[in-house]
Amino acid sequence: MPELPEVETVRRGLTRLVGNAKITSVDVYYEKMVSPEADQFKKMLAGKTIERIDRRGKYLLFRFNDDLTMVSHLRMEGKYDVQPDGNPITKHTHVVFHLDDHRDLRYTDTRKFGRMHLLKTGDETKLVSGLKKMGPEPTPETLTVEYMKQIFSKSKKAIKPFLLDQSNIAGLGNIYVDETLWLSRIHPEQPTNTIPEFQIRQLRENIIAEIKRAIEGHGTTVHSFSTAYGEAGEFQNHLMVYGRKGEPCFRCDTPIEKTKVAQRGTHFCPDCQVLRKDPGVTMVLGLTGGIATGKSTVSEFFKAYQIPVIDADKVAREVVEPGTKGLKEIQTTFGWQMIQPDGTLDRHALGTLVFSQPEKLAQLNSITGPLIKKAVVRKLRGYRRRQVPLVIYDAPTLFEAHGAAGMNEIMVVNVPDQVQLQRLMARDHLSKKEALERINAQMPLAEKVKRADVVIDNSDSVDKTKAQVVRWLNEAGFGSLITDKSN
């Protein structure tokens, strides 16, 4: 079924094609499709001009002179197209509007589910049940945080069917609900009233942004949707989860699964979208970036606002301190040369080895990764128990260590490649060759940016970087945590 972006794409195309066109006559080949009855429908439209075409949710509203409105719902397979008058009528063409410029506006529908209601302008919201009880449009002005918090708190229904209900939010269907739930890391069966405020805010932002992107991409063609020009949409090339069963999640690489929720085929990532009995109020922001991009600078901004930061590098040092299981495994795997005379890890020697040999780096990560994860989970559990609103997980290899799935949102600190190289060489006193080896041992920064929810540009001044962090805190609903109000 065409969803809001597809219907809006059709509306825009029809506006260009038949806006201000005059109808001379109408042929109805499937009378159950129109109301009032066919003869009256044809009589009322003869001589009328299409002054404009509006949209509400998934409905098209053709506005004619003399205060007439035709409400059209495409349902599963409905399509409008414009053809020269006299072209052969196809098997599935059910209504033809003859225009005064020798063209036809034709409606085809292989399943005959579409409907057209002709009535006095203004009566559509009173007499068409779908319009009468329709929720707000997914725009920044109409879909507010307060409205979403209110309706979410009143429903125990699973979030997917809740979002498909047009009385809650207008225009969402199966495709874009799957997409926005993935973007927001919400399981499709999560009870609506258990979703915390920070995820409600995320979901709102993702719904608004995804619908806007899909409209700009001229909608999604999965089966049969086409624009008013008879062309396929383009947004199917940008879907993150829908239709990708068995393919790796773009965020964490876990295979996408497909199940049924409320009798609808549903795509989701089992690692990113976990069904939680009690999601809690704590948001975990994963902070990452490439080596020498300035991630630590951003981390310090959060610390300055007394926002807890779990430093993965610090945890990594703790799990390989003298006497730990981690240090013993490193010595066993890489040799006694990695241990200094005082019993501590020789980080320079280990770094020189692993950053020049990918298989050695993988071995090291297999040792330290599980130990770091266990320690981080323990720390997060404590913050969640205390209902801390926001915790930062500062991890340079968040994606490489498969930690992305556990985050509620991911912020990547980015700089141009040349800036990264120069900073690393100056900071660690490395040759160009050594610096490139360390950069290339990590996931490419461009790939991290692609997987990020938020990107911080750290190529300019510290003040400009800080301003981006402050903006994110305000937009994410954590403005009250900003202690320096001058920013």
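Here the Cβ of each residue, glycine as well, is placed from N, Cα and C on the backbone.
Database features (TrEMBL):
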type	residues	note
ACT_SITE	P2	active site, schiff-base intermediate with DNA
BINDING	H92, R111	DNA binding site
BINDING	A292, T293, G294, K295, S296, T297	ATP binding site
DOMAIN	2-114	domain 'Formamidopyrimidine-DNA glycosylase catalytic'
DOMAIN	240-274	domain 'FPG-type'
Beyond the flanks of the domain 'FPG-type' (240-274) by at least 6 residues, Cβ under 8 Å:
158, 160-161, 164, 174-175, 178-179, 181-183, 185-189, 222, 402, 404-405, 410, 450-451
Do you know offhand how many angstrom separate A292 (ATP binding site) and R111 (DNA binding site) by C-alpha?
58
So, three-state DSSP: helix, strand or coil for T293 (ATP binding site)?
coil
Across all protein chains in the structure, which of the binding-site residues H92, R111, K295 has the highest Cβ count within 10 Å?
K295
How many Å lie between the Cα of T297 (ATP binding site) and the Cα of R111 (DNA binding site)?
59
Which one, from the recorded positions P2, G294, has the smallest tally of other C-beta atoms lying within 10 Å of its C-beta?
G294
Using the alpha carbons only, what distance in Å do you get between T293 (ATP binding site) and H92 (DNA binding site) once rounded?
59
Would you mind checking how many other C-beta atoms are within 10 angstroms of the C-beta on S296 (ATP binding site)?
15
With DSSP helix as H/G/I and strand as E/B, how many residues of the domain 'Formamidopyrimidine-DNA glycosylase catalytic' (2-114) fall in helix, strand and coil?
26 helix, 48 strand, 39 coil
Relative to the Cα of K295 (ATP binding site), which of the recorded positions P2, H92, R111 has the closest Cα?
P2
Rounded to the nearest Å, what's the C-alpha distance separating the residue listed as 'active site, schiff-base intermediate with DNA' and R111 (DNA binding site)? Just drop the number here, would you?
14
Mean pLDDT for the domain 'Formamidopyrimidine-DNA glycosylase catalytic' (2-114), as a whole number?
96
Please work out which residue of T293, T297 has the most C-beta neighbours within 10 angstroms of its C-beta, and give that one of the binding-site residues.
T293
C-beta crowding around A292 (ATP binding site), within 10 angstroms:
23
The domain 'FPG-type' (240-274) - residue tally per DSSP class, helix then strand then coil:
0 helix, 12 strand, 23 coil
